[in-house]
Amino acid sequence: MIRSVVRGIGGALPKKSLSNDDIAKFVETSDSWIVQRTGIRQRYIANEKETTVSLGVEAAQAALINAGLTIKDIDCIILATSTPNHTFPASAVEIQHALGMSHGFAFDIQAVCSGFIFALTTGDAYLRCGTAKRILVIGSDTFSRILDWQDRTTCVLFGDGAGAAVLEAQEIERGVASDHGILSTKLRSNGAYMDKLYVDGGPSTTQKTGYLRMEGREVFKYAVGMITDVVDECFAAAGMDSSQLDWFVPHQANKRIIEASAKKLGISIDKVVITVDRHGNTSAASVPLALTMAICDGKIKKGDLVMLEAMGGGFTWGAILIRW
(Lines of atoms letter the chains of each structure in order from A and count residues from 1; the text may use other names and numbers.)
(Lines give C-alpha, C1' and ligand atoms only; values in the text may rest on other atoms or scores of the structure.)
Protein backbone atom coordinates (compact mmCIF):
# COMPACT_ATOMS: atom_id res chain seq x y z
CA MET A 1 0.00 0.00 0.00
CA ILE A 2 1.02 3.63 -0.50
CA ARG A 3 1.89 5.65 2.57
CA SER A 4 2.81 9.34 2.70
CA VAL A 5 6.14 9.59 4.49
CA VAL A 6 7.79 12.77 5.80
CA ARG A 7 11.13 12.63 4.01
CA GLY A 8 12.50 15.95 5.31
CA ILE A 9 11.56 18.94 7.43
CA GLY A 10 12.82 22.49 7.98
CA GLY A 11 11.94 25.84 9.48
CA ALA A 12 12.70 29.55 9.20
CA LEU A 13 12.36 32.49 11.56
CA PRO A 14 12.82 36.23 11.02
CA LYS A 15 16.07 37.79 12.22
CA LYS A 16 14.47 40.01 14.87
CA SER A 17 13.13 38.67 18.16
CA LEU A 18 10.69 40.65 20.28
CA SER A 19 10.57 39.94 24.02
CA ASN A 20 7.68 40.55 26.38
CA ASP A 21 9.67 43.38 27.94
CA ASP A 22 10.02 44.94 24.47
CA ILE A 23 6.24 44.88 24.01
CA ALA A 24 5.72 46.35 27.47
CA LYS A 25 7.49 49.49 26.24
CA PHE A 26 4.60 50.44 23.92
CA VAL A 27 1.51 48.71 25.33
CA GLU A 28 0.25 48.27 28.88
CA THR A 29 1.44 44.77 29.80
CA SER A 30 4.32 42.97 31.49
CA ASP A 31 6.46 39.88 31.08
CA SER A 32 4.80 38.19 34.08
CA TRP A 33 1.28 38.98 32.79
CA ILE A 34 2.01 37.45 29.38
CA VAL A 35 3.88 34.39 30.66
CA GLN A 36 1.23 33.59 33.26
CA ARG A 37 -1.61 33.66 30.72
CA THR A 38 0.09 32.29 27.61
CA GLY A 39 3.50 30.80 28.36
CA ILE A 40 5.01 33.06 25.69
CA ARG A 41 8.34 34.76 26.44
CA GLN A 42 9.34 36.00 22.99
CA ARG A 43 8.38 35.87 19.32
CA TYR A 44 10.06 36.75 16.00
CA ILE A 45 8.88 39.64 13.84
CA ALA A 46 9.55 40.00 10.11
CA ASN A 47 11.38 43.09 8.91
CA GLU A 48 10.44 45.03 5.77
CA LYS A 49 12.35 42.64 3.49
CA GLU A 50 11.07 39.45 5.14
CA THR A 51 7.71 38.19 3.89
CA THR A 52 5.51 35.11 3.93
CA VAL A 53 7.12 34.10 0.63
CA SER A 54 10.75 34.70 1.65
CA LEU A 55 10.32 32.81 4.92
CA GLY A 56 8.51 30.03 3.07
CA VAL A 57 11.37 29.75 0.57
CA GLU A 58 13.91 29.52 3.40
CA ALA A 59 11.94 26.79 5.19
CA ALA A 60 11.44 24.89 1.93
CA GLN A 61 15.15 24.96 1.15
CA ALA A 62 15.93 23.64 4.64
CA ALA A 63 13.41 20.81 4.22
CA LEU A 64 14.85 19.84 0.83
CA ILE A 65 18.37 19.72 2.27
CA ASN A 66 17.12 17.63 5.19
CA ALA A 67 15.45 15.26 2.71
CA GLY A 68 18.54 14.99 0.51
CA LEU A 69 16.55 16.19 -2.49
CA THR A 70 16.42 19.15 -4.88
CA ILE A 71 13.48 21.12 -6.20
CA LYS A 72 13.64 19.00 -9.38
CA ASP A 73 12.39 16.07 -7.29
CA ILE A 74 9.22 17.90 -6.23
CA ASP A 75 5.94 17.59 -8.18
CA CYS A 76 3.75 19.97 -6.19
CA ILE A 77 3.94 22.77 -3.62
CA ILE A 78 1.10 23.36 -1.16
CA LEU A 79 1.36 26.50 0.95
CA ALA A 80 -0.79 27.06 4.03
CA THR A 81 -1.05 30.77 4.81
CA SER A 82 -3.50 33.46 5.89
CA THR A 83 -1.07 36.28 5.11
CA PRO A 84 -0.15 35.93 1.41
CA ASN A 85 2.17 38.40 -0.25
CA HIS A 86 -0.62 39.33 -2.67
CA THR A 87 -4.36 38.75 -2.94
CA PHE A 88 -3.37 36.84 -6.08
CA PRO A 89 -1.47 35.10 -7.53
CA ALA A 90 -1.06 32.46 -4.87
CA SER A 91 2.06 32.88 -2.76
CA ALA A 92 2.81 29.21 -3.47
CA VAL A 93 3.41 30.15 -7.10
CA GLU A 94 5.84 32.87 -5.99
CA ILE A 95 7.67 30.32 -3.84
CA GLN A 96 7.68 27.88 -6.75
CA HIS A 97 9.35 30.48 -8.96
CA ALA A 98 11.83 31.56 -6.26
CA LEU A 99 12.91 27.94 -5.84
CA GLY A 100 13.53 27.63 -9.58
CA MET A 101 10.66 25.23 -10.23
CA SER A 102 8.82 25.55 -13.55
CA HIS A 103 7.27 22.08 -13.66
CA GLY A 104 4.40 20.64 -11.62
CA PHE A 105 1.91 22.86 -9.81
CA ALA A 106 1.54 25.02 -6.70
CA PHE A 107 -1.37 26.50 -4.76
CA ASP A 108 -2.37 28.03 -1.42
CA ILE A 109 -4.62 26.65 1.31
CA GLN A 110 -6.23 28.96 3.88
CA ALA A 111 -7.33 27.39 7.17
CA VAL A 112 -5.60 29.89 9.49
CA CYS A 113 -3.72 28.16 12.33
CA SER A 114 -4.94 24.74 11.15
CA GLY A 115 -3.51 25.40 7.70
CA PHE A 116 -0.52 23.07 7.86
CA ILE A 117 -2.72 20.18 9.06
CA PHE A 118 -5.13 20.81 6.17
CA ALA A 119 -2.25 21.13 3.68
CA LEU A 120 -0.52 17.96 4.88
CA THR A 121 -3.82 16.07 4.67
CA THR A 122 -4.35 17.35 1.12
CA GLY A 123 -0.82 16.32 0.17
CA ASP A 124 -1.41 12.87 1.65
CA ALA A 125 -4.52 12.44 -0.52
CA TYR A 126 -2.66 13.55 -3.67
CA LEU A 127 0.14 11.07 -3.02
CA ARG A 128 -2.15 8.14 -2.28
CA CYS A 129 -4.18 8.70 -5.46
CA GLY A 130 -1.05 9.03 -7.61
CA THR A 131 -1.37 12.71 -8.55
CA ALA A 132 2.18 13.33 -7.32
CA LYS A 133 5.20 11.42 -6.01
CA ARG A 134 6.71 14.12 -3.79
CA ILE A 135 5.04 17.24 -2.39
CA LEU A 136 6.54 20.21 -0.60
CA VAL A 137 4.08 21.25 2.13
CA ILE A 138 4.75 24.66 3.68
CA GLY A 139 3.16 26.67 6.48
CA SER A 140 4.22 30.32 6.44
CA ASP A 141 2.65 33.37 8.04
CA THR A 142 3.52 36.95 8.96
CA PHE A 143 0.77 37.77 11.43
CA SER A 144 2.69 40.82 12.65
CA ARG A 145 1.32 42.55 9.53
CA ILE A 146 -2.32 42.08 10.60
CA LEU A 147 -1.99 42.79 14.33
CA ASP A 148 -3.36 45.85 16.09
CA TRP A 149 -0.26 46.70 18.09
CA GLN A 150 -2.33 48.74 20.55
CA ASP A 151 -4.49 45.74 21.48
CA ARG A 152 -2.62 43.99 24.27
CA THR A 153 -4.97 40.99 24.18
CA THR A 154 -3.77 39.98 20.70
CA CYS A 155 -0.45 41.65 19.88
CA VAL A 156 1.37 39.67 22.59
CA LEU A 157 0.28 36.31 21.18
CA PHE A 158 1.59 36.09 17.64
CA GLY A 159 4.89 35.86 15.81
CA ASP A 160 6.12 35.26 12.28
CA GLY A 161 7.77 32.18 10.81
CA ALA A 162 7.64 29.28 8.39
CA GLY A 163 7.98 25.52 8.44
CA ALA A 164 8.05 22.96 5.65
CA ALA A 165 7.92 19.21 5.10
CA VAL A 166 8.76 17.06 2.09
CA LEU A 167 6.06 14.43 1.76
CA GLU A 168 6.90 11.35 -0.33
CA ALA A 169 4.78 8.42 -1.52
CA GLN A 170 6.34 5.11 -0.53
CA GLU A 171 5.19 1.53 -1.00
CA ILE A 172 4.77 0.16 2.52
CA GLU A 173 3.82 -3.31 3.74
CA ARG A 174 1.14 -2.68 6.32
CA GLY A 175 1.65 -4.06 9.82
CA VAL A 176 5.38 -4.77 9.56
CA ALA A 177 8.12 -3.04 11.56
CA SER A 178 8.96 -0.74 8.64
CA ASP A 179 5.36 0.49 8.31
CA HIS A 180 5.59 4.24 8.73
CA GLY A 181 4.17 7.49 7.39
CA ILE A 182 0.74 9.10 7.80
CA LEU A 183 -1.60 6.59 9.46
CA SER A 184 -4.78 8.68 9.79
CA THR A 185 -6.09 12.23 9.39
CA LYS A 186 -9.21 14.05 10.56
CA LEU A 187 -10.35 17.55 9.58
CA ARG A 188 -13.22 19.66 10.91
CA SER A 189 -14.68 23.16 10.49
CA ASN A 190 -17.69 25.12 11.75
CA GLY A 191 -18.39 28.63 10.52
CA ALA A 192 -20.81 29.29 13.38
CA TYR A 193 -17.79 30.39 15.41
CA MET A 194 -16.24 32.72 12.84
CA ASP A 195 -16.84 35.81 14.99
CA LYS A 196 -14.62 34.41 17.76
CA LEU A 197 -11.40 34.77 15.76
CA TYR A 198 -11.23 36.72 12.51
CA VAL A 199 -9.71 39.64 10.59
CA ASP A 200 -12.02 42.65 10.25
CA GLY A 201 -11.30 43.34 6.59
CA GLY A 202 -10.91 41.84 3.13
CA PRO A 203 -10.81 42.70 -0.58
CA SER A 204 -14.49 41.85 -1.18
CA THR A 205 -15.82 43.82 1.80
CA THR A 206 -13.68 46.66 3.12
CA GLN A 207 -11.02 46.64 0.37
CA LYS A 208 -8.51 46.79 3.24
CA THR A 209 -6.56 44.08 5.01
CA GLY A 210 -7.95 44.79 8.47
CA TYR A 211 -6.73 43.61 11.88
CA LEU A 212 -6.94 40.33 13.74
CA ARG A 213 -9.73 40.30 16.32
CA MET A 214 -10.25 37.58 18.92
CA GLU A 215 -12.49 36.71 21.84
CA GLY A 216 -9.77 34.95 23.80
CA ARG A 217 -11.91 33.46 26.55
CA GLU A 218 -14.40 32.09 24.03
CA VAL A 219 -11.64 30.51 21.95
CA PHE A 220 -10.17 28.87 25.06
CA LYS A 221 -13.62 27.59 26.06
CA TYR A 222 -14.08 25.68 22.81
CA ALA A 223 -10.47 24.82 21.98
CA VAL A 224 -9.74 22.00 24.41
CA GLY A 225 -12.92 20.06 23.64
CA MET A 226 -12.60 20.40 19.88
CA ILE A 227 -8.91 19.50 19.88
CA THR A 228 -9.27 16.43 22.07
CA ASP A 229 -12.31 15.14 20.17
CA VAL A 230 -10.55 15.23 16.80
CA VAL A 231 -7.38 13.69 18.26
CA ASP A 232 -9.43 10.82 19.71
CA GLU A 233 -11.08 10.34 16.30
CA CYS A 234 -7.66 10.22 14.66
CA PHE A 235 -6.45 7.58 17.12
CA ALA A 236 -9.62 5.53 16.57
CA ALA A 237 -9.24 5.64 12.78
CA ALA A 238 -5.80 4.03 13.14
CA GLY A 239 -6.94 1.54 15.79
CA MET A 240 -4.70 3.12 18.42
CA ASP A 241 -4.94 5.22 21.58
CA SER A 242 -2.94 7.82 23.49
CA SER A 243 -1.13 5.20 25.60
CA GLN A 244 0.84 4.19 22.48
CA LEU A 245 1.92 7.73 21.65
CA ASP A 246 5.57 8.81 21.78
CA TRP A 247 5.12 12.52 20.99
CA PHE A 248 2.27 15.01 20.91
CA VAL A 249 2.97 18.05 18.69
CA PRO A 250 0.11 20.52 19.18
CA HIS A 251 -0.51 23.92 17.65
CA GLN A 252 1.56 26.38 19.67
CA ALA A 253 -1.10 28.96 20.53
CA ASN A 254 -1.21 29.04 24.30
CA LYS A 255 0.59 26.90 26.88
CA ARG A 256 -2.54 26.59 29.02
CA ILE A 257 -4.53 25.17 26.08
CA ILE A 258 -1.69 22.75 25.30
CA GLU A 259 -1.45 21.52 28.89
CA ALA A 260 -5.23 21.21 29.31
CA SER A 261 -5.54 19.26 26.04
CA ALA A 262 -2.73 16.87 26.96
CA LYS A 263 -4.25 16.28 30.40
CA LYS A 264 -7.69 15.51 28.96
CA LEU A 265 -6.13 13.10 26.44
CA GLY A 266 -4.12 11.36 29.15
CA ILE A 267 -0.80 12.32 27.57
CA SER A 268 2.12 12.97 29.90
CA ILE A 269 3.50 16.50 29.62
CA ASP A 270 6.92 14.89 29.08
CA LYS A 271 5.64 13.69 25.70
CA VAL A 272 4.40 17.12 24.60
CA VAL A 273 6.50 19.31 22.30
CA ILE A 274 6.23 22.92 23.50
CA THR A 275 7.85 25.81 21.61
CA VAL A 276 5.27 28.53 22.22
CA ASP A 277 7.59 30.14 24.77
CA ARG A 278 10.20 30.75 22.06
CA HIS A 279 8.06 31.53 19.00
CA GLY A 280 4.60 32.61 20.13
CA ASN A 281 1.71 31.62 17.86
CA THR A 282 3.05 31.48 14.29
CA SER A 283 -0.28 30.29 12.84
CA ALA A 284 0.24 27.85 9.93
CA ALA A 285 3.98 27.70 10.69
CA SER A 286 3.37 26.59 14.27
CA VAL A 287 3.22 22.79 13.86
CA PRO A 288 6.05 22.37 11.31
CA LEU A 289 8.29 24.71 13.33
CA ALA A 290 7.60 22.68 16.48
CA LEU A 291 8.32 19.48 14.55
CA THR A 292 11.60 20.92 13.27
CA MET A 293 12.66 21.95 16.77
CA ALA A 294 11.75 18.54 18.20
CA ILE A 295 13.83 16.74 15.58
CA CYS A 296 16.77 19.12 15.95
CA ASP A 297 16.62 18.62 19.74
CA GLY A 298 16.80 14.84 19.24
CA LYS A 299 13.33 14.17 20.64
CA ILE A 300 11.45 12.64 17.71
CA LYS A 301 13.21 9.59 16.27
CA LYS A 302 12.51 7.05 13.55
CA GLY A 303 9.70 4.72 14.52
CA ASP A 304 8.09 7.13 16.99
CA LEU A 305 4.32 7.53 16.95
CA VAL A 306 3.56 11.25 16.63
CA MET A 307 0.24 13.10 16.83
CA LEU A 308 -0.09 16.54 15.23
CA GLU A 309 -3.05 18.82 15.89
CA ALA A 310 -4.13 22.40 15.32
CA MET A 311 -7.12 24.68 15.65
CA GLY A 312 -7.69 28.02 13.94
CA GLY A 313 -10.18 30.70 13.03
CA GLY A 314 -13.41 29.58 11.46
CA PHE A 315 -13.26 27.48 13.53
CA THR A 316 -11.11 24.96 11.70
CA TRP A 317 -9.36 22.10 13.45
CA GLY A 318 -7.72 18.78 12.67
CA ALA A 319 -5.25 16.08 13.61
CA ILE A 320 -2.76 13.77 11.90
CA LEU A 321 -1.23 10.57 13.29
CA ILE A 322 2.21 9.69 11.88
CA ARG A 323 4.62 6.83 12.40
CA TRP A 324 7.90 8.70 12.00
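Each residue, glycine too, has its Cβ placed from N, Cα and C.
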Checklist entry - To which of the residue ranges 207-211, 242-246, 252-256 does Swiss-Prot assign the term region 'ACP-binding'? => result 252-256
Checklist entry - Looking only at residues six or more beyond either end of the region 'ACP-binding' (252-256), which have a C-beta under 8 A from one in the stretch? => result 37-40, 113, 157, 220, 223, 274-277, 279-282, 286-287, 289-290, 311
Checklist entry - How many other Cβ atoms are found within 10 Å of the Cβ atom of Asn281 (active site), counting all protein chains shown? => result 24
Next on the checklist: Measuring Cα to Cα, how many Å separate His251 (active site) from Asn281 (active site)?
Outcome noted: 8
